[in-house]
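Q: Let me begin by handing over the structure; questions about it come next.
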Amino acid sequence: MQLNSTEISELIKQRIAQFSVVSEAHNEGTIVSVSDGVIRIHGLADCMQGEMISLPGNRYAIALNLERDSVGAVVMGPYADLAEGMKVKCTGRILEVPVGRGLLGRVVNTLGAPIDGKGPVDNDGFSPIEVIAPGVIERQSVDQPVQTGYKSVDAMIPIGRGQRELIIGDRQTGKTAMAIDAIINQRDSGIKCVYVAIGQKASTISNVVRKLEEHGALSNTIVVVATASESAALQYLAPYAGCAMGEYFRDRGEDALIVYDDLSKQAVAYRQVSLLLRRPPGREAFPGDVFYLHSRLLERASRVNAEYVENFTKGEVKGKTGSLTALPIIETQAGDVSAFVPTNVISITDGQIFLETNLFNSGIRPAVNPGISVSRVGGAAQTKIIKKLSGGIRTALAQYRELAAFSQFASDLDEATRKQLSHGQKVTELLKQKQYAPMSVAQQGLVLFAAERGYLEDVELAKIGSFEAALLAYVDRDHAPLMQEINQSGGYNDEIEGKLKSILDSFKATQSW
């Protein structure tokens with residue numbers, strides 16, 4: 001069979017017409033150096049700040065330094081087998097984490113991958129870890145309380161939904177214990193919780209998860225973990241990942257609480273990453289943008305108005321405000337609150353709870369120092385009964401501290417001073433509270449009423465604890481409907497005052513403590 005030239009040319013034309021070229025443009029680069037989890041890449045021309053870079057072995061790095069002829073990136077995961085000359089690609093995506101209700105009750109790492117052995121996470125979608133905080137017009141004032149269950153905090157340093165309240169103190173002063181108790185107290189309040197553990201031992205985190213499970217709070221909580229053995233990059237990014245998971249609830253008209261434990265370790269991890277990227281160091285060798293590191297994170301904790309929620313959900317949720325309340329933790333060295341990172345976070349947050357080593361060691365737990373602890377916006381959110389009855393507590397403690405220092409030098413004290421000292425000691429004793437024993441609004445109100453109206457005057461100092469326990473057992477047994485009513489309404493009027501007075505009068509008559 002012979003083909004003539006015309007047929008050959010027709011055949012070639014057909015083949016050319018049918019030929020399709022599918023070309024994909026890849027922004028590809030080459031690793032030029034690897035050191036301590038930081039890689040320098042040559043050739044990524046169109047790389048974005050914060051973009052995920054695909055590495056060999058199904059791993060990713062995040063671009064943090066964009067220079068004229070190279071890109072500095074931190075590896076998210078193991079980096080020991082990465083070598084000079086390996087090819088990497090841009091993905092065109094910013095780092096995202098899974099979000100949704102399916103994460104509640106789960107323990108995940110910084111990237112949202114489950115590490116609790118309970119199978120894959122059932123997420124509702126993905127959210128970028130870096131999001132711009134809601135603007136001024138989209139916010140609403142803080143006027144609803146977050147009950148921590150601690151008498152000393154709810155009475156003197158109240159926290160509102162959408163507030164940022166710093167918990168600050170030296171190591172071993174009960175910072176994590178206070179945050180965990182606040183999470184446990186939300187199990188029936190409808191507030192979803194996120195606990196972010198940064199740079200802690202795996203055994204410590206395991207203990208926290210077990211305690212949350214024991215007290216029925218894990219099903220309402222997402223635990224985000226970046227242990228001390230993980231890379232500095234994962235420790236630095238963990239709070240942003242946790243915040244994105246908390247914002248899921250805020251943006252849908254719900255309330256959420258997030259605990260960052262602790263931001264001192266995050267700042268150290270960020271310092272490590274920055275120094276490896278050869279960024280110029282500043283005070284205490286921290287980079288110049290360490291304030292921005294924390295401010296852009298904590299500004300995302302807010303209370304947003306109903307219009308914002310409606311626009312975000314495209315009209316699915318109407319007439320509901322959302323909130324994300326933050327409890328960042330900062331560890332100080334020898335009580336030095338004037339160090340760089342503590343002063344930064346104090347200036348960003350809406351108040352601080354200062355826990356003191358001396359108080360903790362003398363048995364006053366929670367070791368709250370009422371003198372320098374403050375809540376700048378929580379007063380407007382305080383429950384009515386607590387607000388009415390806690391007014392004299394702070395004053396009594398302030399006067400007691402002043403007189404206690406003075407009385408050490410004075411040999412004879414007048415009757416009024418002795419009375420003030422005695423009252424201050426009893427109030428201090430009354431504010432002590434065991435761990436994992438949060439109190440309801442009604443229980444706190446009753447105890448504060450007893451302190452405020454002088455029912456403790458004839459009770460011995462050593463018996464204040466047993467007096468309180470017996471009183472709470474008495475009302476739970478004989479006056480449960482009233483306690484339920486106060487818990488539901490949080491109100492305080494002449495009728496409730498009269499009922500509380502008659503309860504305390506009848507209890508005092510029994511002398512059963």
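Every residue gets a Cβ built from N, Cα and C, even glycine.
What Swiss-Prot records for Gly169, Asp170, Arg171, Gln172, Thr173, Gly174, Lys175, Thr176 is ATP binding site. Among the features that Swiss-Prot reports, site 'Required for activity' is placed at Ser373.
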Q: Starting from the Cβ centroid of Gly169, Asp170, Arg171, Gln172, Thr173, Gly174, Lys175, Thr176, which together make up the recorded ATP site, report each further residue of the same chain whose Cβ lies within 8 Å of that point, ordered by sequence.
A: Glu331, Leu355, Thr357, Phe360
Q: Which residues, sitting 6 or more apart from Lys175 (ATP binding site) on the same chain, put a CB under 8 Å from its CB?
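A: Non-local contacts for Lys175 (ATP binding site): Ile167, Ile168, Gly169, Asp261, Asp262, Ile329, Glu331, Leu355.
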Q: Would you mind ranking the binding-site residues Gln172, Thr173, Thr176 by how many other Cβ atoms sit within 10 Å of each Cβ and giving me the lowest?
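A: Each of the binding-site residues Gln172, Thr173, Thr176 was scored; lowest Cβ tally within 10 Å is Gln172.
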Q: Fewest neighbouring Cβ atoms within 10 Å: which of the binding-site residues Gly169, Gly174?
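A: Among the binding-site residues Gly169, Gly174, the lowest count of other Cβ atoms within 10 Å belongs to Gly174.
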Q: When DSSP states are folded down to helix, strand and coil, where does Asp170 (ATP binding site) land?
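A: In three-state terms, Asp170 (ATP binding site) counts as coil.
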Q: Applying a 10 Å Cβ distance cut-off over all chains shown, what neighbour count does Ser373 (site 'Required for activity') have?
A: 22
Q: Reported as an integer number of Å, what is the Cα distance between Gly174 (ATP binding site) and Ser373 (site 'Required for activity')?
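A: Spelling it out, the Cα of Gly174 (ATP binding site) and the Cα of Ser373 (site 'Required for activity') are 15 Å apart.
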